[in-house]
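K.L.:
Sharing a structure, written as structure tokens. Questions coming.
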Amino acid sequence: MMYEDMKMKVEHVIDKGEVTEEYISDDQQHQAFNKWTKSFRRMDHPTVIQVILDKSKDTDISGQLMPNLIYVSREKNKTSPHHFKAGALNVLLRVSAVMTNAPIILTQDCDMYSNDPQTPLRILCYFSDPALKSNLAFIQFPQRFHGLNRDDIYASEYKRLFKINSMGFDGLKGPNYVGSGCFFRRRALFGGPSTPVPPEIPELGPDHVVRKPIISPEILSLAHRVAGCNYENQTGWGSQSGFRYGSLVEDFYTGYRLQCEGWKSLLCNPERDAFLGDVPITLFDVLSQCKRWCIGLFEVAFSKYNTLIFGSQSMGVLMSLAYSHYALWPIWCIPVTFYSFLPQLALLNQVSIFPKITEPWFFLYVFLFLGAYGQNFLDFVLDGGTVRKWWNAQRMWMIRGLSCYLFSSIEYLLKSVGISTHGFSLTSKVVDDEQSKRYGQGIFEFGVPSPLFVPLTVAAIINLFSFLLVLTQSFSGKNTEGLCLQMILTGSIVLNCLPVYGAIGLRNDAGKMPTQITIISTFVSVVLYYASSLCL
């Protein structure tokens, strides 16, 4: 009933375009809502800070004092950069310093929630440990998700990123920051352990003690000032202090820079998940999210703080290589694209590019193939994964290589030479009932006519036709011994592309492959075939 009442009020306000007196219960609300004028826009509005709960006086229904709860909407205008999530975090860092200045900070995405009330006690054990606290910057919990379908068809669990590899990082200087479910020591965001960076005003310092009530005019005035969009001008925010600017993956970049400054981190992986969150349920959202990450990773890899040179000088070779593994993630598009097209086009033209079964080199290829997949499978299953989830993770690795890895590399290259590309886009958090139903059934969701699907569909068509052609020839008695490895590779890709074939020809729902994508992909496949015939 309370929710429906709130929903009705919100819809009424949106329709009318103003907050009428009937919805305002006190002077503080009146002061806040007066800022919402007709010129108020999502990207152009003044600072709004509202104390919703004050721990000195507000209680719950049992009479227990509630913690502070403060709404913050930072100032934005069209002439000042707002630095996306990193900018929002820095505003919260400053406003919280002015109003409470607690020594520990939790960063949490809007679609994540706490799953264990004991989590703060766990992190306090580490932050209070004399052997750790002098250089411990943050404690990262693995990201876990509710609502995953049974076989995790989009590999959204990211088991290797959030858990397996994080355990390896933890054996060195600690895991990287992954943006959510992370507790920071406030001091760590103001310079290295032995090289502190003092803020421009003492009220923002990590050791400053707030002695005035959070609703006092002086506190609220200063909070509005530090939340202004021009406050950071001519300061070190985003470069020397706070969450770092310069990359779309501000979490990866900030964690990396903190560890370069000498801080360490720690992975806390309790049996009960500390936090749970949502995952994208359409393939387009999954790939768009990953493309954004990849562009941000390239921004780190090719910055003056690049992970190979600057990283090895600051953290040592092992941590440098560990971070470089992620910073150069998108270049997987090169081998994935080559192996998805070249052997298959050669197969269509009866050209062998791998050793024959009778040649010694054949066994080396088989050993490397089975060894790589065997190790990956073992890591995955030992961490609690199933065979089908592992297979889907391999499929999504191929799909990412042909879509978001490839397009992010192209987009970053174009940006580097000054050619404008599409701007920053958020991952959709809106759930459609039909999409949710298909996701629960393990059905891939294409539906959106996106260029991201074209290379994948082209690869699916070329691999299918090359596999069927050589299979037919082998049954007709033609010698195909030299094409064995190409047939194995092509067959594995055909199996991985089964959802694509179903989306092209067997489905009639809204999640099927858009007709224009199928037509474009078929045309490109024919062009590639004739081009390869001329070359081979």
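Glycine too: its Cβ is placed from the backbone N, Cα and C atoms.
Note that the structure is predicted; figures quoted are calculated from it, not measured.
According to TrEMBL, the protein carries these features:
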type	residues	note
BINDING	LYS85, ASP109	Mn(2+) binding site
TRANSMEM	323-342	transmembrane segment
TRANSMEM	362-385	transmembrane segment
TRANSMEM	452-471	transmembrane segment
TRANSMEM	483-501	transmembrane segment
TRANSMEM	513-531	transmembrane segment
K.L.:
Hey, which bits of the same chain come close to the transmembrane segment (513-531), Cβ under 8 Å, at least six residues off its ends?
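P.N.:
Apart from its flanks, the transmembrane segment (513-531) reaches 341, 345, 348, 446-450, 453-454, 457-458, 460-462, 465, 500, 503-504.
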K.L.:
Only counting partners 6 or more residues apart, tell me which same-chain residues put their Cβ under 8 Å from the Cβ of ASP109 (Mn(2+) binding site).
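P.N.:
ASP109 (Mn(2+) binding site) has long-range Cβ partners GLY179, SER180, GLY277.
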K.L.:
Counting only CB pairs under 8 A, let me know which of 323-342, 452-471, 483-501 has the most with the transmembrane segment (362-385).
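P.N.:
Per the Cβ count, the answer is 483-501.
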K.L.:
Sort out the sequence-distant neighbours of LYS85 (Mn(2+) binding site) for me: same chain, 6+ apart, CB within less than 8 Å of its CB, listed by position.
P.N.:
GLY179, GLU250
